[in-house]
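What Swiss-Prot says about this one:
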| type | residues | note |
| --- | --- | --- |
| DISULFID | C40-C81 | disulfide bond |
| DISULFID | C40-C54 | disulfide bond |
| DISULFID | C53-C66 | disulfide bond |
| DISULFID | C84-C91 | disulfide bond |
| SIGNAL | 1-16 | signal peptide |
Amino acid sequence: MKTVLHIAIFSAVVVAICGVRQNYGNVRYNYTELPNGEYCYIPRRRCDTTEQCCKPYDTINNFAACGKAWPEDKKRKVNKCYICDNELTLCTR
């Protein structure tokens, strides 16, 4: 019983010190049809303009953008859709 109590106290101290990380990679987005008949591009998909990217449901705290990123082959940067947090400037990739 004493061991269980020590583990519980240790876990509480670790959470208090480190905090709980927020997962910014799972921002909900609105998957809609574009005027040209195609559907919007999900985050991490290659894009040409921001209008092609799916917009987040929460447009007050988040925004969608099309920006440069290194692809897996790392030969040259390409444009990919992102959903970013307004306050923390963290974007999904």
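Every residue gets a Cβ built from N, Cα and C, even glycine.
Swiss-Prot feature annotations superimposed on the structure.
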| residue | record | DSSP class |
| --- | --- | --- |
| C40 | disulfide bond | coil |
| C53 | disulfide bond | strand |
| C66 | disulfide bond | strand |
| C81 | disulfide bond | strand |
| C91 | disulfide bond | strand |
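Annotation: C81 are the disulfide-bonded residues among C40, C81, C91 whose CA atoms are within 10 angstroms of the CA of C66 (disulfide bond). Closest by Cα distance to C81 (disulfide bond), from the disulfide-bonded residues C53, C54, C91, is C53. Taking the C-alpha positions, the distance from C53 (disulfide bond) to C40 (disulfide bond) comes to 5 Å. Summary for the disulfide-bonded residues C66, C81, C84, C91: the Cβ-based neighbour count within 10 Å is maximal at C81.
For C91 (disulfide bond) paired with C54 (disulfide bond), the C-alpha to C-alpha distance reads 14 Å. Taking each Cβ in turn and tallying the other Cβ atoms within 10 Å, the top scorer among the disulfide-bonded residues C40, C53, C54 is C53.
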